[in-house]
Amino acid sequence: MSGAALGLEIVFVFFLALFLLHRYGDFKKQHRLVIIATLLAWYLCFLIVFILPLDVSTTIYNRCKLAVNSSPAEGNGSYVTLAPSKQKCFKPWSYIPDGIMPIFWRVVYWTSQFLTWILLPFMQSYARSGGFSITGKIKTALIENAIYYGTYLLIFGAFLIYVAVNPNFNLQWNQLQTIGIAAANTWGLFLLVLLLGYGLVEIPRSHWNGAKRGYLLMKTYFKAAKLMTEKADAEENLEDIMEEVRKVSESIKYNHPLRKCVDTILKKCPTEYQERMGRNMDDYEDFDERQNSYPSEKSLAKLHKQVIYSVQRHRRTQVQWQILLEQAFYLEDVAKNESSATRQFVHTFHSQEPENKIIQYFYTPTVEWYWECLLRPWFYRVLAVVLATFSVIVVWSECTFFSTKPVLSLFAVFIQLAEKTYNYIYIEMACFLTIFFLSICVYSTVFRIRVFNYYYLASHHQTDAYSLLFSGMLFCRLTPPLCLNFLGLTHMDATISHKKTQPTAYTSIMGSMKVLSFVADGFYIYYPMLVVILCIATYFSLGTRCLNLLGFQQFMGDSEMTSDLIDEGKELIRREKRKRQRQEEGENRRREWKERYGNRDDSTRSRAVHTDQKESSFSETNANRPLSKYTRSNGRTERDRIELLQDAEPLDFNADSINDDPLESDSGR
């Protein structure tokens, strides 16, 4: 089993990162390099979280083996014995052979740092560039990142000059490497505590509020009102951008040198706008440089960038609106079915997507009623209590993990108790649950936060390339300090425990933080205590209230603006519900009409065809005969009229609008 657990987790984490990226990204429309870079960043960060418990169990086994093989008289002075010399060590099932973990951590860590500080910022500028060639996009990305890279080079160069001039410093390459790692981890820890303080409170509270049906429905109405405003703004912005594209397309004709750039812009426009612009294009008109003023390639690149952004935003709001409607309809169905006497869940609208037959077989309407109306609220309440307990333990341990005598950190107490009995399965499970909960609190905040329209992770394949790359940067910067903080909570970090024990392979590549004593003994220990203040601020929603005062509407139960938006959202949902009901009623009437008169129409059509054949044969045989005095033209016209009436479908008088003018049908395409 040596190394088998490591291999299994490597494969599992890869598919986990691939699944999450497929949920948020769009493999078909986004650039392959963006997908690969984001997938690699997410994969490496998730890999660190899942592999670190194996490193802890392997380190505990190595400490036990070192303690058994050495006696007090034979101590080499590097490590102290943690167990009696007669203690027998049991190899863990997930034991990783010596020499593998240091190389593994070194490759994973430096690859993630290369991604977050060099490659991903460059690819962000490359993805947002409106250039029409690879060279133009690379040039734009280098110019935008010149200040970014130059700032780091300036700071690093000033530090090297200070070290070279000061005779008190005699730093070697390993120490410079440690200083660089400490600087990156310090920046990550600063952001980590902010996100952790929010997640420790918001995650249990969101699950507790998830058990309140009225709360969820009111919040959905609030989201509907805000999303409708954003949706209208996105449509208006797209119309303005498309009008500029239309003017450029009409001014730059087919034989203009910049026509290729215009064609590239047109390919990024929605289909209906492409057709509309194509009809107004006169390809046979030559351009005249002396009479008309044409836009430059730089202005076309700017327009190209605006088109990409506006189309992506418009598509995202449209998809989010449909998802929010389904969520609102379902919550209203749950509220109606709670008082059902039959205890069978009845949906107002049928699902538009085909359901899985296996799920449909087991998840019957009766099972759905018991789960949604009876069991789910209690399940969410119990889960919220468990998560709140974990949050309290984390906050306590963050404030007391620096105390080694006595040991006050609860996570360190759990690990040390399991270390005495060498229960490796318990050690790995305790480590995994701890770091997994910390990761959920931090990563979920990364998925929830939204910086206006520049950074926003939207599910159902609606996240743009810039936001995907930015999330990869955040993950790579947050994961190393998160793991160091976890090792400090469990006293597996020698800097915290102040013991000369064998360190984990992960901390060994970080180097000794004693090079920067004010960071190791000051910032790393006392700054995490700030999480208490952040948790209190999150509990009383101070950040939400500040944003509300600044004009950014947030969901607050005691706000008049929130009540107005809830009423507006309720009216929007009611309007969309009536619209969908009218559509379904019209489809049902058409279906009933076809079922009732479909066979009669078919028989009428067959009789008409047979009669036409007989009449045509009769006319051929009597082509030379004189016309009779009486003809059947009258009957033939009447019969055609009857057939046309039978083929007609019933009118839907409940439709939203009736277009009387057939010439206006093109505008509604």
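Glycine too: its Cβ is placed from the backbone N, Cα and C atoms.
According to TrEMBL, the feature transmembrane segment maps to 6-21, 33-52, 103-126, 146-165, 177-201, 378-396, 425-446, 466-489, 523-542. Per TrEMBL, the feature coiled coil maps to 224-251. According to TrEMBL, the region 'Disordered' annotation covers 576-669. The compositional bias 'Basic and acidic residues' annotation in TrEMBL covers 582-617, 635-644. Annotation source TrEMBL lists compositional bias 'Polar residues' at 618-634. According to TrEMBL, the compositional bias 'Acidic residues' annotation covers 658-669.
Per-residue confidence over the coiled coil (224-251) averages 92 (mean pLDDT, predicted model). Only sequence-distant pairs (6 or more apart) were considered; of these, fewer than three Cβ pairs between the transmembrane segment (523-542) and the transmembrane segment (33-52) are under 8 A, so the stretches are not in contact. Highest Cβ pair count under 8 Å relative to the transmembrane segment (146-165), across stretches 103-126, 378-396, 425-446: 103-126. Within the same chain, residues 196, 200-201, 203-205, 207-208, 210-211, 408-411, 437-438, 441, 489, 531-532, 535 sit at least 6 positions outside the transmembrane segment (378-396) and bring their C-beta atoms closer than 8 Å to a C-beta of that stretch. The transmembrane segment (6-21) shares the most Cβ pairs under 8 Å with 33-52, out of the stretches 33-52, 103-126, 425-446.
Counting same-chain residues at least six beyond the ends of the coiled coil (224-251), those with a Cβ under 8 angstroms from any Cβ of the stretch are 262, 265-266, 269-270, 273, 276-277, 280-281, 292, 294-295, 300, 303, 306-307, 310-311, 313-314, 316-318, 320-321, 324-325, 328, 553, 565-566, 568-569, 572-573.
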